[in-house]
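Note sheet for the following structure.
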Amino acid sequence: MTTTRTFTMIKPDAVANGHIGNILAMITNAGFKIVSLKLTQLTVSDAQAFYAVHAARPFYGDLVEFMSSGPIVAATLEKENAVADFRTLIGSTNPAEAAEGTIRKLYATSLSQNAVHGSDSDENAAIESTFHFATREEF
Ligand code: RTP
Ligand code: MG
């Protein structure tokens with residue numbers, strides 16, 4: 001069995017609304033193994049760097065401000081087909097379009113404050129995980 005990794009953040013809205021425990025339970029109940037985990041906060045420059053791929057998008061400034069506005073939970077997850085299966089578990093970017101039972105359907109408040117991040121490729125999962133975690137924080 002080949003396991004792969006993805007990277008997630010529980011975003012400031014979901015942390016502030018008290019959903020850390022429920023979201024981590026959904027993640028582990030879906031078969032993901034947590035290999036790195038921490039409560040942390042992005043500086044403005046951290047958020048600019050993490051989301052540099054979106055720098056030209058009209059929502060970039062709001063995204064950076066939101067993602068640096070309060071604590072987040074960062075985690076690296078392991079499972080077969082981790083990237084795609086995790087994006088299925090979290091649901092569409094816009095919670096109004098997210099399927100029933102997905103994390104965003106249950107816990108997101110809006111398109112911009114949508115509770116969780118999920119990597120979009122194996123390559124970005126590795127880059128994002130390395131952005132947040134030292135080797136000694138990976139299990
Ligand atoms: P994520 O990266 O957070 O997992 O979300 P995603 O792949 O579903 O969406 P992406 O296109 O990568 O956008 C990153 C985050 O930017 C915010 N966003 N705001 N106001 C808007 O039109 C808008 N569009 C995107 C969301 O927080 C989205 O998750
Ligand atoms: Mg994305």
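The backbone N, Cα and C atoms fix where each Cβ goes, and this holds for glycine too.
TrEMBL does not curate its annotations; it predicts them automatically.
Marked as domain 'Nucleoside diphosphate kinase-like' by TrEMBL: 3-138. Among the features that TrEMBL reports, ATP binding site is placed at K11, F59, R87, T93, R104, N114. Summarising the annotation, TrEMBL assigns active site, pros-phosphohistidine intermediate to H117.
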Inter-residue C-alpha distance, R87 (ATP binding site) and H117 (active site, pros-phosphohistidine intermediate) (nearest angstrom): 9
Residues K11, F59, R87, T93, R104, N114 [recorded ATP binders]: greatest CA to CA distance in Å: 21
Cβ packing number for N114 (ATP binding site), 10 Å threshold: 23
Separation of alpha carbons, the residue listed as 'active site, pros-phosphohistidine intermediate' and K11 (ATP binding site) (Å): 7
Entries of K11, R87, R104 (binding-site residues) sitting next to ligand 1, with Cβ under 6 Å as the cut-off: none
The domain 'Nucleoside diphosphate kinase-like' (3-138): DSSP-derived helix, strand, coil residue counts: 64 helix, 26 strand, 46 coil
Least Cβ-crowded entry, counting other Cβ within 10 Å, from the binding-site residues listed as R87, R104: R87
Between H117 (active site, pros-phosphohistidine intermediate) and R104 (ATP binding site): CA-CA distance (Å): 10
T93 (ATP binding site) CB neighbourhood, other CB atoms within 10 A: 14
K11, H117 as recorded positions, winner by CB count within 10 A: K11
Which same-chain residues, if any, lie at least 6 apart from F59 (ATP binding site) yet have Cβ under 8 Å of it: S112
Integer Cα-Cα distance in angstrom, the residue listed as 'active site, pros-phosphohistidine intermediate' to T93 (ATP binding site): 9
